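Enquirer: Here it is, the structure in full.
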Amino acid sequence: MASPRSLYLVSRPLYTEDSLAEKHEKVCRDRKTLSQHVLQYFKWDTKRAKKAGLSLLPIIGWMRIYQIKSWLLGDIVSGVSTGLVAVMQGLAFAMLASLPPEYGLYTAFFPMITYFFLGTSRHISVGAFPVLSLMVSAVVTTMVPEKGDAVDIPGFDGKDKEQKRVLVASSMTFLVGMYQLGMGLLQVGFVVRYLSDTLVSGFTTAAAVHILVSQLKFILGLEVTSFNGVLAIIYTLEEIFVKIGDTNLCDLVTSLLIIGMVFVYKEVNDTYKDKLPVPIPIEVIMTVIACGVSYGLDFEKRYQITVVGEMKRGYEAPIAPDIDVMKASAMEAFPVAIVGFAVAYSVAKVYSVKHDYTIDGNQELIAFGVSNMFGASFKSFAASTALSRTAIQESSGGKTQVAGLVAAMMAMLVTLALGFLLAPLPKSVLGALVVVNLKGMLMQFSILPSLWRKDKLDLVVWVVTCLASILLGLDLGLGVGLGVELLTVVFRTQFPRCSVLANLTGTDLYRDRKDYMCITAQKGVVIFKIPSPIFFANVDFFREKLNDAVGFNPLKVLRKRNKAERKMKDASIWVGSFNFQFCWKRKRNLASRHEGDVVATWPDMHADEPEQPMQIDWKGNLPSNVSVPRVDLHSLILDFSAVTFLDIAGITGLKMVVKEFIRLRVDVYIVSCDECILEKLHRCAFFDDDVSRSIFYPSLHDATLSVLESQKGAHPPGSVVRNEQLDLLSRSTIYPCNGLRIYVELHFHLYFSLYI
C-alpha cells in the first residue's frame, strides 16, 4: 500500500526578478580584489604556520591518535604479509623495467620511507607498479638497447650495459619526482580530475596487454628484441611467433603450473576471504617452492633456463641524476608522473572513503615527488602503488602506514641478508607471477557491455584510449585518450539535448512534453530549455534548436515582412503635390454604409507630422500578391536553470535572438537565470530600450502565469483595418480628375484590434 503523499500550498505574489529584489533585500557582499587575495595568500600567522606544518607532515596528525593496543599488532601482521608480496612483485616488476631484479627491492624500500612521513593515505602500499615499470622500460631500452650501441651521452662513459640502464631509470625517475613535486607545490593536484575512470581503465587495460606480451619471452624462454614506439607490440609478437619453435619447454611448463595454481588459489581465496584471518601469500609460497625445485634439479644447467642469479648484497652509495638523460627523457617522464599519481590517488581515495578520513591531492603529489626523487638517488625506479598489494595491506588488518614501514623492512631484510636464497629462481616464475597479477586489469574488458548500455561516449573514450595505447605506445595512447575525452566534453556542451517543456497538469512543475501524457501546453507559448552553457562554440546550435522549437526562423520572417511592407508602400498614386489618404472604418452605428467602404479624405497639407510606421495584422488574410509566413507564437519562455555561464559571443547571440522575437511582437521571458549571469549581462550592456530587466523571472511558473495574465487583456478595444481590404489597395490605381491623371498614394494605418 502506497504511503499518503504530503501536500504543500504556497500563496505568494507573482514575481519578476526586479519585483523580487524590491520585496526581498539582498545582502551586500564585499568581493575581494586580486591584490587582496594575493596579500591574504602570503600573509602568515601562528595558526596558518601550524596548519601548514601539519599539512606537510601528515604523520603528525594520525600518530597523535594512534591506538597502540588496538592497531599495532594488525599493522605488524599486515606489514609482513604485504612485504612478502612486495618483495616478489619488486623482483618481477624490475625485470619488466628491463633492470636487474634487485633494483625492484630498492623500489620497495626507499620510496616507502619518505611516504611514511609525507603521505596522507594510511592504506596504500607504495612501491613498483607494472604500468610504470613498462613505461620506464620503454625509455631504458630506447637509450640502451639489447643489441647495438647506446645513445651518445657523456655520463655513459666507462659503464657497462647494466650500469647504463640503471642510470637511465634512476635519472628518469628523479625527473618524474621533480614533475610531481612541482605540481604539488603549485597546487595543481586537480589535474588528475581530467583523467576519468573510463580513461584510466582503458589505459591500464592496454598496459596490461603490453605487459602480457613483454613477459612472453620469459614464459617461453626466448630471446626477443625489445621494440619501442608505434606498433612495437606488433613487431614483438611477430618475432615471438617466428621464434616460437625454440620455446624452452621447462620454462613453459613451470610458468603454466605457477599461473594455474596461483590463479586457482586466488579464486578460492576471493570466495572464502571472510573466513581467513590473514590472506595467505601464495606468491611467496610458490616462489619458495620454485627456488627449491630449481636448486635441487639444477634447472639452469640441465634445462638451460635463465635464473635470477646472484644479487648484489646491501645498498649502493647514492648517485646524482644525469642531466643529459633527464633532457632526453623529459617528454616520456611527464606521462609517467601523471599516471603514477593518478593511479595512487584513485586507490587512496577508495580506502579513505571506506575508512572515513580525508586525503589531500596536492600533498600526495608532494609525497610521491619526494619519494621518487629520494628513491632515484639510491637507484630505484618510478614508484606508485599496486591495487593487489594495497588490498592485502588493508584486508590483513593494516590501519596506518606503520604496516607500510614494516613491509619496507621486509624488503630491506631480503636485500641485506636473504637475497642469495633467490639466486636459483627461474625468471619464468617471475614472469608468470606478473601475468597472473594482470587478471584484475585484463578483466576490465568485461565493462564494455555495461558502458554500451550506460554511456556510449564513455565507451568511445575507453575503446580509443585502449587501442591507441596498444598500437601507438602508452605515452602517445594516453595523449590520444585525453584528447578524445576532452572532445566528448566539448561535444556534450556544444550539442546539448535541448527540449520544449510543458506544464504537468495540476502542478507547478514543467517537464519535456515528449515524456509525459498529462500535460498542459498553452497555445502560442513555447517553453525552451537548453541544459548547457551558452558560449562561442554552441551559440549557433542554440539558435538552430530554438528555431526548430518555435517552428520558424525569426530572421527570415522579418525579412519577408519588410519585403511585404515595401511592396505595399509601392502601391501609390500621386496628384502633383496633393496627397490622398484612404482610410477604412468599421463602425456599428453606420448601418447605411457597407462594411469596408473606401473613404477618401483630403489631408491637411500644412500639417507637418512624421510618417507613422505601418501596423499590419500579420495573422490575418494578406493580399494575394503578399506571402509572409504566419506566426502564431505570442510568448517565448527561455529556461536558463541549467545555463552555468555565458561568454561574450553567447551574450551577443542571445541579445540578437531576443530582439528578433521582439520585432516579431513575440514576448520573450527568461527564467531561473543565475545571479552571476545577470550581473554579467549588466556589465556587457545587454539591456537597452528594447531589452529590459522586466523579461527576467525567478521561476517558470511565474513567467507562465504572467503570460496568462497578459493574454487576458491582449485585445483592448481599438480600430483595425481588415486585411481582406488590403487586396484592393495592393494595386496602383489611376483615377481621372479634371482631365488630369491623378496618382493617389495609399497610406495604410492598420491596427490589431477591431471595434467590438
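Backbone N, Cα and C atoms are what each Cβ position is placed from, and that goes for glycine too.
Per TrEMBL, the feature transmembrane segment maps to 72-97, 103-119, 165-182, 218-237, 249-266, 278-297, 402-423, 429-452, 459-484. The domain 'STAS' feature in TrEMBL is assigned to 515-707.
Quick one: where do these features end up spatially?
Expert: Here the transmembrane segment (72-97) has long-range neighbours at 103-105, 107-108, 125, 127-130, 133-134, 136-137, 140, 169, 211, 214-215, 218, 278-279, 281, 283-284, 287, 308, 381, 386, 388-389, 392-394, 396-400, 402-411, 414, 422, 425, 427, 430-431, 433-434, 437, meaning same-chain residues at least 6 beyond its ends whose C-beta is under 8 angstroms from one of its own.
If one looks beyond the transmembrane segment (218-237) by at least 6 residues along the same chain, the residues whose Cβ comes under 8 Å of a Cβ in the stretch are 95, 98, 137-138, 141-142, 145-147, 209-210, 243-244, 246-248, 250-252, 255, 305-306, 427-428, 430-432, 435, 470-473, 476.
Sequence-distant neighbours of the transmembrane segment (249-266) (same chain, 6+ residues past either end, Cβ-Cβ under 8 Å): 218-221, 280, 282-283, 286, 290, 299, 303, 305-306, 426, 428-429, 431-433, 435-436, 439.
Long-range Cβ contacts of the transmembrane segment (429-452) within its own chain (Cβ-Cβ under 8 Å, at least 6 residues beyond either end) map to 88-89, 91-93, 95-96, 101, 130, 198, 201-202, 204-205, 207-209, 211-212, 215-219, 254-256, 258-259, 262-263, 266, 283, 286-287, 290, 308, 386-388, 458-459, 462-463.
Mean pLDDT of the predicted structure over the domain 'STAS' (515-707): 79.
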